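Feature annotations, courtesy of Swiss-Prot:
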{"type": "DISULFID", "residues": "191-214", "note": "disulfide bond"}
{"type": "DISULFID", "residues": "359-387", "note": "disulfide bond"}
{"type": "DOMAIN", "residues": "43-214", "note": "domain 'Laminin G-like 1'"}
{"type": "DOMAIN", "residues": "221-387", "note": "domain 'Laminin G-like 2'"}
{"type": "CARBOHYD", "residues": "160", "note": "N-linked glycosylation site"}
{"type": "CARBOHYD", "residues": "270", "note": "N-linked glycosylation site"}
{"type": "CARBOHYD", "residues": "353", "note": "N-linked glycosylation site"}
{"type": "CARBOHYD", "residues": "377", "note": "N-linked glycosylation site"}
{"type": "CARBOHYD", "residues": "393", "note": "N-linked glycosylation site"}
{"type": "SIGNAL", "residues": "1-29", "note": "signal peptide"}
């Protein structure tokens, strides 16, 4: 390897070599390099909302042995960070990620400042092989055996003859998202496996944390494992119609298991002014002391909740139930949208002993799709773009 090969141009090749390190006080996944051919377990790339990586390593570049790396990854998520690397966050960093399902490289160093999106959409839930190779001052990238990218003249002469150290972050960033050349949502609901980095295979230790959805057959969707939740401010989502007043939402339920809260409208101090609970493959609508409604669920049909000044309606396909709420209760519900702490909650409520888990194909509010990335807060274990493929998988998933 010539000394003209810049640090930044090697960032695609170097990842997760030992020893383990910590980032922002958290203990990150421990990895062990080996030389054998046995496959290591797939790694889940998401560490929840935000930009926190799942692992951070500091690498001595004098220890690299081969200018070649490869890995396989799969995702249904169209956007997020696969990995980031730097020698310093100000003027020498690199990012490989996805945007609109396509690979994207962002690079900032003294010799090259660029953003390149390329190749086919890879967020199809299938495993894709990525290979990376340095040749002189050029970087070549293959996907599934086809060369998709060659970057030239992205290196320069180093200030000294020794390689500096480098930080590598998997599934996240070590600089503010706003410092990217073209900001994106860092969290990526995806997995990586069969990775070889400069001649080393990296294996998780037996004490490594949960592997997310990497050992489950997937389908597109939004999955709430048992005990997880998300909250949206009512002021940040599409607003009710005003003349006459009405509000509607629609949930595309694919899978449900267990019992517990599905959805609630309320505040911080009273989270369930109106709620939908899952119970034995049925949904129960309740509002305070008013009589409850029970509707048997039919998977595949959208579940609709509509409120107006006269009634609350729950429907699915041809089935419709009307909640016999009082005029004063309906008037109180309407005040939620002017309450500074008005919330739409999905999943388990605080203090709720919920065993429910469920998969949504879509969530629509006032005819507009609601993005989980817009949540005020959410559990880190929510799968933002994938669900178990079979109902048999749901009850066996633990986070």
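Sequential numbering from 1, following the chain as shown.
Placed from the backbone N, Cα and C atoms, the Cβ positions cover glycine too.
Shown on the structure are the features that Swiss-Prot records.
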{"residue": "191", "record": "disulfide bond", "CB count, 10 Å": "24"}
{"residue": "214", "record": "disulfide bond", "CB count, 10 Å": "17"}
{"residue": "270", "record": "N-linked glycosylation site", "CB count, 10 Å": "12"}
{"residue": "353", "record": "N-linked glycosylation site", "CB count, 10 Å": "9"}
{"residue": "359", "record": "disulfide bond", "CB count, 10 Å": "24"}
{"residue": "377", "record": "N-linked glycosylation site", "CB count, 10 Å": "10"}
{"residue": "387", "record": "disulfide bond", "CB count, 10 Å": "25"}
Integer mean pLDDT for the domain 'Laminin G-like 1' (43-214): 82
By Cα-Cα distance, the member of recorded positions 270, 359, 387 nearest residue 353 (N-linked glycosylation site): 270
Candidate recorded positions 270, 359, 377, 387, pick with smallest Cα gap to residue 214 (disulfide bond): 387
Nearest of the recorded positions (191, 359, 377, 387) to residue 270 (N-linked glycosylation site), judged by Cα-Cα distance: 377
Integer Cα-Cα distance in angstrom, residue 191 (disulfide bond) to residue 387 (disulfide bond): 14
Residue 377 (N-linked glycosylation site) and residue 359 (disulfide bond), distance between Cα atoms, whole Å: 19
